[in-house]
Amino acid sequence: MKYRYKILIQIAVLFFPFWLIIDGFIGLLVGNPFHPDVAIILGLLMTGIICLFNIVAFIIKLNSIGWHNIHFYHKFFFFFYVLLAVPSFIAWAPFL
């Protein structure tokens with residue numbers, strides 16, 4: 001695996017926001033009175049910021065290298081982060 005460490009870094013970066021979202025949903029289902037919805041919104045905010053950063057980094061790389069010279073790893077994670085950014089931006093759209 002040429003990109004094994006890069007994939008592990010991507011998983012490590014997204015672990016905490018996903019943990020916050022899952023923990024918030026569990027708190028809502030249990031009826032936790034300590035506002036678990038804030039954990040969900042914070043996790044979505046962090047996910048959106050990470051997605052935005054990675055999308056911008058991909059666009060910069062795309063402008064410098066070109067679409068045909070970019071490896072499959074970068075193309076896959078670009079579409080992955082675009083798909084992840086959609087629910088994050090939908091959740092934060094009412095606050096804008």
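Using N, Cα and C of the backbone, Cβ positions are placed for all residues, glycine too.
What TrEMBL lists as transmembrane segment is 7-26 (among others). Listed by sequence, the residues of this chain that lie at least six past the ends of the transmembrane segment (7-26) yet keep a Cβ under 8 A from its Cβ atoms are 1, 36-44, 46-47, 50, 73, 77.
Per TrEMBL, transmembrane segment is recorded for 38-60 (among others).
Here TrEMBL flags 72-95 (among others) as transmembrane segment. Counting same-chain residues at least six beyond the ends of the transmembrane segment (72-95), those with a Cβ under 8 angstroms from any Cβ of the stretch are 2-3, 6-7, 10, 40-41, 44-45, 47-48, 50-52, 54-55, 58, 61.
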